[in-house]
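Student: So TrEMBL lists these for the protein:
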BINDING   H13, H15, E101, D216  divalent metal cation 1 binding site
BINDING   H140, H165  divalent metal cation 2 binding site
Amino acid sequence: MSPPAALKLFDSHCHLQDVRVHQHRDVLLRKAKSEAGVHYVAVNGCCEADWGDVQAMHEEYAGQVVPNFGLHPWFLQGRTEGWLGGLRRALERNPEAGLGECGLDKTPRIVSHTTLEVQAEILTQQLRLAKELERPVSLHCVRAWGKMTELLQKEGPFPRGVLLHSFAGPAEVVKGLSRINAFFSVSLSVLRSPKRDRVRAALKAVPLDRLLLETDSPDALCSVPSSGWEGGEDLARPTPVDGLPGGVNHPGNLLAVLDVVSHLIEVPSELVARHTYRNACRFFCKPSA
């Protein structure tokens with residue numbers, strides 16, 4: 001599927017430095033723009049080891065790749081003593097970069113080796129650095145909405161904003177987090193939830209001027225349902241790319257995300273595209289014209 005000529009999209013969160021897609025980055029970025037209207041992609045580092053790859057990708061594709069550097073809760077065990085200084089240097093070298101991906105994850109697999117208290121301490125340091133350097137923040141939150149809300153309200157507001165990536169949290173948090181300048185980014189992972197009414201309510205609670213779209217590629221490749229969701233048979237489907245392994249996501253699938261979100265919140269896709277593109281350009285300080 002090719003986008004309408006005027007359609008512009010912004011993939012607000014992905015990981016093209018990942019080994020599953022890194023060697024395909026040139027074709028993926030080119031096809032995303034020409035076939036899906038994806039003008040920008042925000043590439044998020046997750047650990048000290050991949051910040052250099054994100055930096056190199058930004059230098060190679062400066063007009064399309066927006067770099068972000070952060071320490072993800074999954075990788076806290078491997079951090080060095082100088083991680084915070086290294087993060088500061090990466091951000092100071094790149095005045096246009098955001099901070100991310102960072103956050104909280106309360107799944108048993110993660111808290112078994114990194115307690116929520118340790119995660120919160122590391123996240124707090126990153127939030128304070130982002131405020132000091134006036135950078136936007138991309139956040140991961142799984143099963144920790146109470147702690148995340150508490151922490152953001154304590155450390156906020158955030159002049160450059162925070163992005164809750166792959167948002168599928170409770171509708172009740174939207175209003176309060178919006179007050180401290182939070183944005184809510186949606187991926188195909190919303191389709192994993194069996195609680196469809198809750199998902200729809202959460203997305204409908206997000207104001208259009210706070211909504212963003214993302215692929216979270218190479219992850220979050222979920223099948224778009226043709227049944228079980230009213231009108232689901234008419235939604236755009238993820239598209240394969242030659243050379244990519246099965247089950248690997250890519251930025252060109254943002255068209256499918258757009259269709260799913262438009263369907264769930266019952267707003268025309270053209271309007272969702274226009275708002276989310278402008279929102280992301282504002283969040284990441286990129287030109288929207």
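Note that Cβ sites are derived from N, Cα and C of the backbone, with glycine treated the same way.
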Student: May I ask which residues of the same chain, at least 6 positions away in sequence, place their Cβ under 8 angstroms from the Cβ of H15 (divalent metal cation 1 binding site)?
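Tutor: The answer is V21, V43, N44, C46, D216, S217, P218, D219.
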Student: To see if you understand the setup: which same-chain residues, six or more apart in sequence, place their Cβ under 8 Å from that of E101 (divalent metal cation 1 binding site)?
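Tutor: The list for E101 (divalent metal cation 1 binding site) reads H13, N44, G45, C46, N68, G70, H72, S138, L139, H140, H165, given in order along the sequence.
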Student: How many other Cβ atoms are found within 10 Å of the Cβ atom of H140 (divalent metal cation 2 binding site), counting all protein chains shown?
Tutor: 25
Student: Taking 8 Å from the centroid of the Cβ atoms of H13, H15, E101, D216 as the cut-off, which other residues in that chain fall inside it around the divalent metal cation 1 site?
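Tutor: After dropping the recorded site residues, what remains is C14, A42, N44, G100, S138, H140, H165, S166, E214, S217, D219.
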Student: Around D216 (divalent metal cation 1 binding site), how many other C-beta atoms are within 10 angstroms of its C-beta?
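Tutor: 25, counting other Cβ atoms within 10 Å of D216 (divalent metal cation 1 binding site).
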Student: Which one of these binding-site residues has the most other Cβ atoms within 10 Å of its own Cβ: H13, H165?
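Tutor: Of the binding-site residues H13, H165, the most buried by Cβ count within 10 Å is H13.
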